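As annotated by Swiss-Prot, active site, nucleophile applies to CYS317. Per Swiss-Prot, the feature active site, proton acceptor maps to HIS758; the stated evidence is sequence analysis. Feature annotation from Swiss-Prot assigns Zn(2+) binding site to CYS180, CYS183, CYS200, HIS213; the stated evidence is sequence analysis. Residues or ranges marked as domain 'USP' in Swiss-Prot: 308-796. Annotation comment: Swiss-Prot describes 613-654 as domain 'UBA 1'. Summarising the annotation, Swiss-Prot assigns domain 'UBA 2' to 670-710. For 156-266, the entry in Swiss-Prot reads zinc finger, with the evidence type sequence analysis.
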Amino acid sequence: MELLRSNLSRVQIPEPTHRIYKHECCISFDTPRSEGGLFVDMNSFLAFGKDYVSWNYEKTGNPVYLHIKQTRKSIPEDRPLKKPTLLAIGVDGGFDNNEPEYEESYSIVILPDFVSLPFPSVELPEKVRIAVDTVVNAVGAERKEQVAAWTAEKKLISEHALTLQQIKSGIVIPPSGWKCSKCDKTENLWLNLTDGMILCGRKNWDGTGGNNHAVEHYKETAYPLAVKLGTITADLEAADVYSYPEDDSVLDPLLAEHLAHFGIDFSSMQKTEMTTAERELDQNTNFDWNRIQESGKELVPVFGPGYTGLVNLGNSCYLAATMQIVFSTHSFISRYFSHQSLKMAFEMAPADPTLDLNMQLTKLGHGLLSGKYSMPATQKDATTGDPRQEGIPPRMFKNVIAASHAEFSSMRQQDALDFFLHLVGKVERASNTTPDLDPSRSFKFGIEEKILCPSGKVGYNKREDCILSLNIPLHEATNKDELEAFHKQKAGKGLEENDMRSSDEIVRPRVPLEACLANFASSEPIEDYYSSALKGMTTAIKTTGLTSFPDYLVLHMRKFVMEEGWVPKKLDVYIDVPDVIDISHMRSKGLQPGEELLPDGVPEEVMESAQPVANEEIVAQLVSMGFSQLHCQKAAINTSNAGVEEAMNWLLSHMDDPDIDAPISHQTSDIDQSSVDTLLSFGFAEDVARKALKASGGDIEKATDWVFNNPNASVSDMDVSSSNSAQTPAQSGLPDGGGKYKLFGIVSHMGTSVHCGHYVAHILKEGRWVIFNDDKVGISTDPPKDMGYVYFFQRLD
């Protein structure tokens with residue numbers, strides 16, 4: 001006790017502003033459930049596993065720790081499993097996470113000799129008792145909100161429900177025997193709550209479902225709400241009500257009244273149809289989900305170094321799939337595992353290592369690659385009975401990598417490709433003082449775009465990138481005859497949803513990866529291109545090639561496209577991807593003998609003409625509603641003149657902006673530096689980035705297009721020397737080599753949008769394919785090579 005009293009000055013009583021870590025070691029993935037428990041520094045409130053707490057004592061001199069140990073309670077192993085009603089984990093109605101219960105014990109430990117004192121104890125100094133009680137009762141800094149619904153969010157009351165006008169048509173809806181008013185469909189039927197029309201729903205992605213008559217009726221009449229027949233029961237909240245203008249499932253608090261208008265007694269109705277959410281749950285177990293996750297196959301669990309699963313933190317599968325592949329590359333393994341120990345990273349880290357990207361990447365690398373946490377758990381998989389591993393939760397890494405990013409720091413599902421690009425950018429910036437150690441460089445390569453003007457002169461635009469984003473030319477499908485026969489069969493037999501349950505019956509276009517690469521390298525016209533040779537606008541021809549070949553080639557398949565009306569759609573397509581590809585023919589050769597470069601410079605008036613101007617009709621309509629002219633112009637510009645409704649929504653959400661009354665300006669000084677930084681990360685020069693943002697009103701996507709369409713925008717980096725005597729890849733720090741690559745990683749996506757569904761990784765390790773599905777790791781017997789969203793290749797030389 002005297003030893004403790006002599007160190008009281010090193011004990012702090014936590015303030016409300018203190019971040020208290022007590023669930024996970026900040027250096028490793030040890031927890032209170034680990035064999036050695038967890039040690040909380042009673043001065044900094046950081047937590048350490050038993051193997052690492054001495055490092056903290058050596059670094060800080062803090063001797064007093066709260067030791068937390070959790071021991072598992074015995075529980076019955078034959079708990080009945082309930083069928084989930086919500087696409088979620090660990091919440092009421094969702095999938096049971098089957099978490100065991102633990103008993104927690106505490107003691108005070110004084111380093112360096114690990115002298116232990118019991119807690120609670122009246123003999124402890126009051127300061128220590130208060131400090132420990134505060135830590136024990138506090139919510140740990142690591143603890144995040146548990147996993148909510150993967151895709152479905154809580155339904156909101158429709159803004160049209162309370163003011164819905166119903167037509168007195170005398171229509172009485174029978175309790176059964178329904179049929180679409182415009183075709184012979186008898187399932188997936190929707191009752192329009194305005195006029196009583198019964199119409200079929202949308203056509204599904206695979207060609208099944210309805211014939212779109214309900215949504216077409218809305219487009220013709222603008223009648224907003226419809227309820228799905230077959231989902232109406234005495235529990236009206238369970239009925240599936242859809243709002244077309246809000247484009248979502250909604251609640252109608254007056255549904256009973258609206259149904260009574262058509263003679264429907266909801267209390268006598270019985271449920272015969274699945275709701276949209278239930279159908280989504282059902283589809284999540286269908287073809288894509290089963291194929292990509294290899295459901296139904298006996299996957300052999302695999303354990304050991306490099307085979308550690310990642311716990312899903314709640315819609316974090318995009319992060320898990322990406323990081324498993326990233327930490328299968330030699331560059332990341334070398335940087336954060338082979339050549340950097342945990343102790344080395346901790347010694348270099350600031351006072352709070354939980355906020356240090358280098359520390360947390362090293363922690364994640366050692367967690368995934370050491371094999372320490374890849375061992376069979378005492379609990380077996382509830383569905384297969386096979387040994388399972390608990391996996392490691394990448395909470396601290398996610399907090400650091402997502403810091404200050406509105407989307408990645410949320411619990412919402414994200415695009416795995418966006419996350420990969422974000423990761424590469426963060427790692428590159430963190431390595432700016434030691435570029436030789438930057439592992440993200442292994443993904444980088446040079447791109448050169450050649451612009452051929454009708455004058456015969458050429459321009460070259462060079463930049464760096466870390467992905468090749470490929471359009472999918474569906475017209476290059478190799479199974480056109482099979483597709484045609486399939487669609488004729490469907491049309492002839494009228495195949496319904498229940499007739500197409502077998503995945504073998506679904507025929508999709510098969511497009512070779514070679515066709516996607518050829519499409520990328522093919523010539524394409526550029527409309528409204530300003531030619532400095534002709535001194536006017538014209539149509540030029542652009543061809544694209546690579547100036548270097550990276551160590552790791554990342555190919556992104558553009559499966560998500562926009563249909564007419566800016567409706568997102570996922571292409572239902574297979575990509576035939578060989579194990580080995582050769583892109584040698586895609587190397588760009590630069591300025592060729594006999595070619596003459598376009599003169600430098602773009603007139604200021606051309607740049608000014610590219611600046612966005614508010615649509616006068618949109619502005620006039622908003623002004624007539626009582627908004628100021630300036631505010632309306634800003635709303636139109638910031639929504640790219642998309643329409644009155646979009647501009648109105650922007651206005652309502654930005655009325656409190658501090659600069660809402662500032663004059664509209666396109667000056668360079670008003671350009672957001674973060675937007676400039678984003679374009680810099682794409683490999684553009686700063687002066688080009690600023691010109692592009694100025695010309696596009698600050699819109700990054702439009703600015704990128706502007707750069708591509710104006711390759712002569714900068715004298716500094718697009719002159720003769722840039723084409724004639726440009727740096728070699730080696731001189732610019734880019735890796736380079738031959739054009740042959742071997743497939744080693746696939747990130748696959750299941751779902752209708754990159755922002756919902758689920759991501760899974762398949763990785764070629766030690767000559768065999770392995771599936772990484774969050775914390776489930778097993779030998780893959782049928783990797784979905786033709787269903788990938790992002791493909792990772794390693795250069796063979």
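Every residue, even glycine, has its Cβ placed from backbone N, Cα and C.
Minimal Cβ crowding within 10 Å, among the recorded positions CYS180, CYS183, CYS200, CYS317, is found at CYS183.
Per DSSP, the secondary structure of the zinc finger (156-266) breaks down as 19 helix, 22 strand, 70 coil. Fewest other C-beta atoms within 10 Å: among the recorded positions HIS213, HIS758, that description fits HIS213. DSSP assigns CYS317 (active site, nucleophile) to a helical segment in the three-state reduction.
Separating the Cα atoms of CYS200 (Zn(2+) binding site) and the residue listed as 'active site, proton acceptor' is a whole-number distance of 29 Å. Same-chain neighbours of the Zn(2+) site beyond CYS180, CYS183, CYS200, HIS213, judged by a C-beta within 8 angstroms of the site's C-beta center, are, in sequence order, SER181, LYS182, ASP184, LYS185, LEU189, LEU199, GLY210, ASN211, ALA214. In this structure the alpha carbons, written CA, of CYS180 (Zn(2+) binding site) and HIS758 (active site, proton acceptor) are 34 Å apart. Mean predicted confidence for the domain 'USP' (308-796): the pLDDT average there is 82.
In the domain 'UBA 1' (613-654), the DSSP tally of helix, strand and coil residues is 30 helix, 0 strand, 12 coil.
Looking at HIS758 (active site, proton acceptor) and HIS213 (Zn(2+) binding site), their Cα atoms lie 30 Å from each other.
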